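Asks: Please see the structure below; I have some questions.
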Amino acid sequence: MINDFDYFFFDVDGVLFHGHRALRGAVEFINKLCDLGKEIYFVSNNSWRTREKQVEFFAKYGITAKKENILNGAYASAQWATNYCPRNSKVLTIGEDGVDEELTEFGFRVTNTRSLNPPNYENLMLNIDPEIKAAIVSHSDSLTHQMIYYASIHVQNGAVLASPNYDTQYKFGKFLLPCAACTVDAVLASSGTKNFVNIGKPDPYLLNYIFERDRINKERSIFFGDTMVTDILLAKNAGIKSVLVLTGVETLDSYTKYDYSPDYVYESVGKFK
């Protein structure tokens, strides 16, 4: 079956890794594909790392990745902002350094909410920056209410709310932890806006850009994911084959509850032959 495809797209968390632990057979499978001359892309809503840092992370585990084939949340944010916001405009963020660094590389001026002074009810309005064109919200391990306050008031003041990661949860060991959608929903609820742009999976925006950039044959492409609502739905939306692996969010019972299905289901990526 490997010979039926030339372009392999992989989610990262829950498919190849759990946190900083490579899943059994994952590294070997990626290296096998490399040896066969397959083109490999890594598609993750994770926005913690820049593409360069993601390449460095993979290298520690023996995976050789190309920067231009890293399609993560940080890159998706910068790519989207390039099409939506004038170059050198201001963007407000909730998240880790990956998004900020990619946006800066693309020529934007970034204000991360964690760097702002704590607001109070008397001076909130004084902290609005009318030059901010977009509020990009992703996962932050240092999330506070004040960060949500700032995102909310800027959205109410006209900034577009966007997120590279609308995942509700991710697997960490045997537990499911809250992900960026929980933060996005807080901003949505408090701001009352309906103007929200999901620039991550399952929206095929970034994948379609890569298909055109690299002249990819969709019929020779396949996507590996662990989550129905992001990974498998992305593959459906993009018009390519999909593999659901059971090393992440979904189980044999959970994935059958959806009105769409993966093309293949495997215990892990290492089982795909």
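Heads up, the Cβ atoms here are built off N, Cα and C, so glycines get one too.
Grabbed the feature section from TrEMBL, which reads as follows:
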ACT_SITE  ASP11  active site, nucleophile
ACT_SITE  ASP13  active site, proton donor
BINDING   ASP11, ASP13, ASP226  Mg(2+) binding site
BINDING   SER44, ASN45, ASN46, LYS201  substrate binding site
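Are these features on the surface or tucked inside, and what are their neighbours?
Replies: Mapped onto three states, the DSSP output places ASP11 (active site, nucleophile) in coil.
Close to ASP13 (active site, proton donor) in the fold, though at least 6 residues off in sequence, lie GLY19, SER44, ASN46, TYR170, LYS171, ASP226, GLY248, each with a CB less than 8 Å from its CB.
Neighbours of ASP11 (active site, nucleophile), defined as other CB atoms within 10 A of its CB across all chains, total 26.
Under DSSP, SER44 (substrate binding site) is assigned to coil, being neither helix nor strand in the three-state scheme.
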Asks: Just checking a number: largest C-alpha distance across SER44, ASN45, ASN46, LYS201 for the substrate site, rounded to a whole Å.
Replies: 10
Asks: Please report the distance from the Cα of LYS201 (substrate binding site) to the Cα of ASP11 (active site, nucleophile), rounded to the nearest angstrom.
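Replies: One finds 10 Å between the Cα atoms of these residues.
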